[in-house]
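Straight from TrEMBL, the features:
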DOMAIN    85-222  domain 'Phosphatidic acid phosphatase type 2/haloperoxidase'
TRANSMEM  58-80  transmembrane segment
TRANSMEM  87-106  transmembrane segment
TRANSMEM  138-159  transmembrane segment
TRANSMEM  171-194  transmembrane segment
TRANSMEM  200-220  transmembrane segment
Amino acid sequence: MPIAAYLIWFYACRFIPSEWRPSIWVKVLPALENILYGANLSNILSAHKSTALDLLAWFPYGLGHFGAPFVCSGIMFLFAPPTTIRYFGYAFGWMNIIGVTTQVLFPCSPPWYENMYGLAPANYSMKGSPAGLARIDALLGIDLYTSGFTASPMVFGALPSLHAADSTLEALFMSHCFPKLTPLFATYVLWLWWSTMYLSHHYAVDLVAGSLLAAVIFYFTKARFLPRIQPDKKFRWDYDYIECGDAPTTEHGYGIVHGSHPDSDEWTVGSSSSVSSGSLSPVDEERHVWADVYTTSR
């Protein structure tokens, strides 16, 4: 299953010998940040700290990131068409596999590295850092994020941000199932974007890259595999049938056929033969229109 493959791949990264890995890019993300936005947004957003802001950032980054996939899956299991969860799992797994592979091939340092070491060259012997999440450990009197991020198998996996990718994919799937709540799901993504920069874990360019990756994966899945929502259905067991992929165009959709389509062996109201005869009724092999014959007496 793609999700299992992603988890194995992520945790196996620690066993890749350093001499096999590419050089770590320390300057490229800060440079892109200044070129695209004119400033380091992560440094600006993390400049003013408080306990309230720490907690506000912790909810989506430290809790929501891990719990949201399960919450979304449970909701979609109840209310979305059958097979929606299957393709959510496929999309989630493959997206993260692509993301981790990109991080391995193009390792980049996160904002906390710049705060600690400046733009000095990095190496794979360096440990990770919880950055702003260390304040959550201190506040709660635990050693969860400090030990976890210090021992991370992907220390220099800033680009793309999988926090941004995961939240965007979840928001897109939930918006597909519940379009009226799209503003709520978009707000969650922006909230998580802010939290990653406030906690000094990602640059803004990382977030854009992660969300773009999620959008590509989602719209590919939607166009090819994702079952379409039927507005008159509330629960998954209300569906008598499902239609997968994007809605058909007028040419191949339901309705009266106004032209000949030799590549289709189905017809709804009229067939290609009946169209050529000028009638909306099927014709037999001798091209006689099937119609009731009405005669009147003279």
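In case you wondered, yes, glycine gets a Cβ from its N, Cα and C as well.
Highest Cβ pair count under 8 Å relative to the transmembrane segment (171-194), across stretches 58-80, 87-106, 138-159, 200-220: 58-80. Panel annotation: around the transmembrane segment (200-220), residues 29-30, 32-33, 36-37, 40-42, 46, 61, 91, 94-95, 98-99, 108, 110-112, 115, 131-133, 158-166, 168-169, 172-173, 189, 193 of the same chain, lying at least six beyond its termini, place a Cβ under 8 Å from a Cβ of the stretch. Residue counts for the domain 'Phosphatidic acid phosphatase type 2/haloperoxidase' (85-222) under DSSP, split into helix (H, G, I), strand (E, B) and coil, are 97 helix, 2 strand, 39 coil. Averaged over the domain 'Phosphatidic acid phosphatase type 2/haloperoxidase' (85-222), the predicted model has a pLDDT of 97.
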